[in-house]
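Chemist: Sharing the features that TrEMBL gives for it:
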- 1-25: signal peptide (SIGNAL)
- 2-276: domain 'Acyltransferase 3' (DOMAIN)
- 70-90: transmembrane segment (TRANSMEM)
- 102-122: transmembrane segment (TRANSMEM)
- 142-165: transmembrane segment (TRANSMEM)
- 177-198: transmembrane segment (TRANSMEM)
- 218-237: transmembrane segment (TRANSMEM)
- 346-370: transmembrane segment (TRANSMEM)
- 391-412: region 'Disordered' (REGION)
Amino acid sequence: MFYLQRYLRMFPLLAAAILLQMSLAHHISDGPIWTNVARDIEFCRENWWAALLHVQNYVSYGAMCIGHTWYLSVDMQLYWISPLVLVWLCAPSRGGGRRAGWCAVTMAMLISLLAATVYCFLNDFPPQSMIRLEDDDRYMKYYYVNTLTRAPPFFVGMLFGYVLHLKRHKMTKLPKILICLFWTIATAFLTFAIFIHYPPMQTDYDNQLLDNFINSFMRSFWATALGWIVFACKHGYGGPVNWLLSLQMWKLPARLSYAMYLLHMTVMTVMNDMQLSPVYFTQWNMVGKCGVNGIHFEVNNVLVVNGVALAPGGTRFDPNHEQFDQYVFNLSQFIPLAPSIEDVTIALIFRFFGDLVLVMALAFVVTLAVDSPFSTLQKIILQGGKVNKSQQEPAPNDSSLSQVAKNNDLTV
């Protein structure tokens, strides 16, 4: 039942998303670059079974059905091995059961962190994709979608979950100085995880030691910070953060979040690839190419990233080289066309909210037509039609983030 409930909770929407990708998506539009959509559809028609069995990060890498669902495969694989730890967490408190639980979850976290760290330092991966193009495929295949490198944050979350379980019936009282310290550390971890990507994006960057450190610890730092936020909100130390995250307006987005996750990339790909006319190098079309790494565009098969030309092999191409003009137009001609910060902001906001509205609308329909009926059937079959009393009787601290999530079945 432990595995069956998890699988049935994830299966209906995932199967519906795969079915939509395999059938309806191909008939929405057409165009010169529609081959990208056709390729994704073909991947689903060939490897749908790997997505449903949650093994596609290993079995069908490079041809994954709904590519971003590799994370569901990793999450399910970690869920498969979680009973090795959970069996100790469920031991009776008497006779050292709680001590065994603490040892099990702590050891699982430390062993996974050590194993992932050793793996990263032995393989010298780049800190993210598009940093060293020659290593991009190796990074994605052997690091990014690898279950081992994703295990430490999973066990960090399990550790915080165990703490919340032990403290579920009483509020934890902490001194103010300790609360301030934990919030400071959590803020520092979140800031580190966000801004540490800036140095590797610079053209003169070369620090493999920092790369290995980022790959080994960054996601664990992020998980630790989120764990503290949940704990603080549950025990009355969340302040304005708890107030914001507990607002009723998050009910609908939270209920739709799983469907939005599954469908968003398909919607965005279709919207991008239904273009029927050429893209002229203008101010607004440049904005369309702006991303996290700066301005990207391609001319004669040469990728230009932040003004740095990359030859087809992925090596840097010196703009001062005498043959540079044979491959790419003189960048100085386009300097007057570079978009301002205001133009970029307006264009990205416009595009973001357009995609958001479309994805939310589609997710609402799919959730209403697929997820809600199957969720009700699952409760009737597996629980005998009984409703969980915790969803009918709010706890005394029902304004907390954890109670809002619990009452509205926001967990996947």
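Cβ from N, Cα, C; glycine included.
Keep in mind that TrEMBL annotations are predicted by a computer and have not been checked by a curator.
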Chemist: Which sequence-distant residues neighbour the transmembrane segment (102-122)? Criterion: at least 6 residues beyond either end, Cβ under 8 Å.
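Modeler: Residues packing against the transmembrane segment (102-122) from afar: 84-85, 88-89, 143, 148-149, 151-152, 154-156, 158-159, 162, 212, 215-217, 220.
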Chemist: Per the definition of 3+ C-beta pairs under 8 A with sequence separation of 6 or more, do the transmembrane segment (218-237) and the transmembrane segment (70-90) touch?
Modeler: no
Chemist: Within this structure, do the transmembrane segment (177-198) and the transmembrane segment (142-165) have 3 or more Cβ pairs under 8 angstroms, counting pairs 6 or more apart in sequence?
Modeler: no
Chemist: What else in the chain is close to the transmembrane segment (177-198), if you only count residues 6 or more beyond its ends and a Cβ gap under 8 Å?
Modeler: 127-128, 214, 218-219, 221-222, 224-225, 228-229, 232, 237, 292
Chemist: Taking a Cβ cut-off under 8 Å, which residues six or more beyond the ends of the signal peptide (1-25) line up next to it in the same chain?
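Modeler: Sequence-remote neighbours of the signal peptide (1-25) are 37, 40-41, 44-45, 48, 51-52, 65-66, 69, 72, 76, 79-80, 83, 258-259, 262-263, 266, 270, 366-367, 370-371, 374-375, 378, 382, 412.
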Chemist: For the transmembrane segment (70-90), find every same-chain residue at least 6 residues outside the stretch whose CB is under 8 Å from a CB in it, and list them.
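Modeler: Contacts of the transmembrane segment (70-90) (Cβ under 8 Å, skipping residues fewer than 6 from its ends): 2-3, 6-7, 10, 14, 51, 54-58, 61, 64, 100-101, 103-105, 108, 145-147, 150-151, 154-155, 158, 162, 165.
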